[in-house]
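A short write-up of the structure that comes next.
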Amino acid sequence: IGMVIECKDGYLMEPNGCKRGCLTRPARYCANECSRVKGTDGYCYAWLACYCYNMPNWVKTWDRATNTCGRGK
């Protein structure tokens, strides 16, 4: 019996709708933050934000189409 587990990659998102920043964080900060939400790994991407791999679908990630960062929400 096999199971299909849906996973996604993406930028971690702060409650204010912005990407989770990592410019001044320690080297493993993003990997640790990604593992907290059950992702397999992560790193500080060129946009200076945490990018995670293989997170569960319930994790909210930043999306350009639904971006609310800086809009007071």
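Indices start at 1 and increase along the chain as displayed.
Any Cβ shown, glycine's included, is placed from N, Cα and C.
Lifted from Swiss-Prot, the feature list:
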DISULFID  Cys18-Cys69  disulfide bond
DISULFID  Cys22-Cys44  disulfide bond
DISULFID  Cys30-Cys50  disulfide bond
DISULFID  Cys34-Cys52  disulfide bond
DOMAIN    8-70  domain 'LCN-type CS-alpha/beta'
MOD_RES   Arg71  arginine amide
SIGNAL    1-7  signal peptide
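Sorting each residue of the domain 'LCN-type CS-alpha/beta' (8-70) by its DSSP state yields 11 helix, 21 strand, 31 coil. Just so you know, the Cβ of Cys69 (disulfide bond) picks up 12 other Cβ atoms within 10 Å once every protein chain is counted.
Among the disulfide-bonded residues Cys30, Cys34, Cys50, Cys69, the ones whose Cα sits within 10 Å of the Cα of Cys22 (disulfide bond) are Cys30, Cys50, in sequence order.
Of all Cβ atoms in the shown protein chains, 24 besides its own fall within 10 Å of the Cβ of Cys34 (disulfide bond).
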